[in-house]
Amino acid sequence: MSGSRQAGSGSAGTSPGSSAASSVTSASSSLSSSPSPPSVAASAAALGSSGAAQAAGSGGLGGPVRPVLVAAAVSGSGGASGGGAVSAGLSRLSCAARPSAGVGGSSSSLSSGSRKRPLLAPLCNGLINSYEDKSNDFVCPICFDMIEEAYMTKCGHSFCYKCIHQSLEDNNRCPKCNYVVDNIDHLYPNFLVNELILKQKQRFEEKRFKLDHSVSSTNGHRWQIFQDLLGTDQDNLDLANVNLMLELLVQKKKQLEAESHAAQLQILMEFLKVARRNKREQLEQIQKELSVLEEDIKRVEEMSGLYSPVSEDSTVPQFEAPSPSHSSIIDSTEYSQPPGFSGSSQTKKQPWYNSTLASRRKRLTAHFEDLEQCYFSTRMSRISDDSRTASQLDEFQECLSKFTRYNSVRPLATLSYASDLYNGSSIVSSIEFDRDCDYFAIAGVTKKIKVYEYGTVIQDAVDIHYPENEMTCNSKISCISWSSYHKNLLASSDYEGTVILWDGFTGQRSKVYQEHEKRCWSVDFNLMDPKLLASGSDDAKVKLWSTNLDNSVASIEAKANVCCVKFSPSSRYHLAFGCADHCVHYYDLRNTKQPIMVFKGHRKAVSYAKFVSGEEIVSASTDSQLKLWNVGKPYCLRSFKGHINEKNFVGLASNGDYIAC
């Protein structure tokens with residue numbers, strides 16, 4: 001208010017000939033930018049008639065100006081009024097004011113006296129009991145309402161078009177800063193402010209709409225009464241209004257509490273129903289599994305009666321038990337296990353039998369959950385008749401026998417790959433047997449391929465073994481592969497990207513392929529087509545070769561470094577290879593444009609991929625995991641963990657029953 005007083009007194013003192021309208025607008029503009037009490041409208045309305053009376057008899061003292069300043073100054077007295085009364089009172093003041101002479105010294109005394117009055121909350125957002133969501137940024141300094149059709153003067157201030165037009169008709173100065181506006185046409189539309197005001201109004205409407213629709217239809221009328229009561233002055237509320245408000249609030253509280261409890265009960269009911277359904281499904285599954293177990297136990301009891309060992313006092317002559325190392329004896333234990341797997345009710349067993357049974361029990365206990373899952377996946381896969389049930393049980397029995405048959409690995413012979421005992425770089429990168437498992441070849445970073453006869457190596461009592469043949473390459477060897485048809489044909493791949501065909505017994509080269517641009521990691525012969533072989537390289541290509549041709553017959557773009565490549569053992573057209581993109585790619589050679597399946601699941605590069613059977617692939621990765629895949633399913637069937645290897649390619653082999661890595 002001090003700013004408005006200074007502006008009002010300054011203009012009155014410096015421009016004694018200015019009109020009362022100028023004083024009115026300047027005072028009103030200062031009200032918009034400085035805090036004003038909520039009772040401005042009441043004071044302005046009371047002083048409107050007195051201003052008119054003073055305009056008639058004040059003479060040259062500038063009477064019309066003083067009531068406006070007094071209205072702004074004496075508004076500190078409390079009084080309740082709505083926001084609309086402010087503009088109405090000021091408009092009456094504008095009508096009462098007329099051009100007159102300058103203001104005398106009494107105005108300064110009024111201003112100095114009014115400074116002592118206390119200031120209350122500002123207009124609009126702080127206006128007591130107005131409850132109107134307004135923004136001071138969009139209030140017209142003349143009418144104190146939201147700007148309608150914003151226009152801007154040369155000095156940069158924005159007003160309602162009607163307000164500024166009417167003000168400039170009475171006085172050619174800006175109501176905000178007293179800047180001289182030469183022509184009334186020097187007004188410009190403020191499109192940015194109009195757009196902002198439009199968005200502000202839309203937000204107001206959305207808030208009002210949400211508030212209106214938050215009330216139920218039954219209590220809509222009473223809620224409107226409650227809103228109307230809130231919009232009135234608190235001092236005017238009587239006991240009936242307060243009781244009505246309390247009644248509505250209590251009713252609303254009970255409604256909200258009831259809705260909250262209903263929602264909680266609904267969620268609880270849904271949880272209980274889902275839990276009951278899941279438990280019923282589990283119960284049905286357990287009952288099915290129990291019935292299958294009971295059926296299989298009866299079948300095994302019948303079989304154990306047929307294969308139970310003969311007691312010592314039997315008249316039937318007994319045969320001498322063979323050596324414990326014989327595999328057939330170990331197999332026979334599968335049919336001589338007593339009921340309950342305890343053996344306490346049977347006759348005395350041989351010591352070798354008890355030790356073998358104990359070691360098998362130990363492995364069975366350690367992997368019981370995995371074996372249980374395998375059993376139910378085999379037996380519960382589909383509904384079948386008695387013959388199929390017997391075959392399923394035999395299938396799991398064979399699996400269990402293979403799992404518990406071996407418990408350790410012992411070395412049969414040791415070979416030194418390095419030609420020099422003091423040579424530190426003697427890494428063996430590949431070991432492969434020929435088609436009849438009579439010979440095997442080893443190759444590695446010494447650039448040499450050594451061929452040994454398996455029988456000779458096993459029978460030698462001395463650990464110093466000499467190769468049957470030795471071949472030298474120009475670069476470090478990464479992989480070798482024997483032909484499944486020609487016993488003497490051997491293929492190798494090296495770090496220069498060269499693929500070489502060798503005669504494994506004479507050491508002569510028959511073909512040299514040099515199309516790979518980078519290191520070649522893997523080479524493999526097709527088991528069904530003896531003339532076809534494949535190689536994979538760091539140049540992200542898999543190339544197919546024919547032993548009758550000097551160039552490649554096809555090429556597959558892998559888009560990542562190829563680490564391994566392997567043909568299907570049951571099809572001449574299917575090929576799998578692992579890449580540095582953590583995936584195993586499965587292709588049909590009749591359509592090399594896109595893979596049949598891409599197996600994803602490894603976290604690092606796939607170092608090896610081998611076919612366990614025609615339908616299953618096992619892959620090894622530097623993420624220390626082996627994964628089993630089915631060629632018709634994109635997801636992993638099983639993951640094998642145990643290795644701690646994050647860098648090297650440690651090798652992978654499979655004979656259909658076992659996997660070694």
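Easy rule for this one: first residue shown is 1, then count along the chain.
Heads up, the Cβ atoms here are built off N, Cα and C, so glycines get one too.
Features reported for this protein in TrEMBL:
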- 239-303: coiled coil (COILED)
- 140-178: domain 'RING-type' (DOMAIN)
- 1-45: region 'Disordered' (REGION)
- 309-329: region 'Disordered' (REGION)
- 513-555: repeat 'WD' (REPEAT)
- 599-639: repeat 'WD' (REPEAT)
Outside the repeat 'WD' (599-639), six or more residues from its ends: residues with CB under 8 Å to it:
561, 563-571, 574, 576-586, 645-654, 656, 659, 661
Integer average pLDDT (0 to 100) for the domain 'RING-type' (140-178):
88
Counting each residue once, how many in the domain 'RING-type' (140-178) are helix, strand and coil under DSSP?
10 helix, 8 strand, 21 coil
What are the DSSP helix, strand and coil residue counts for the repeat 'WD' (513-555)?
0 helix, 23 strand, 20 coil
With DSSP, how much of the repeat 'WD' (599-639) is helix, how much strand and how much coil, in residues?
0 helix, 24 strand, 17 coil
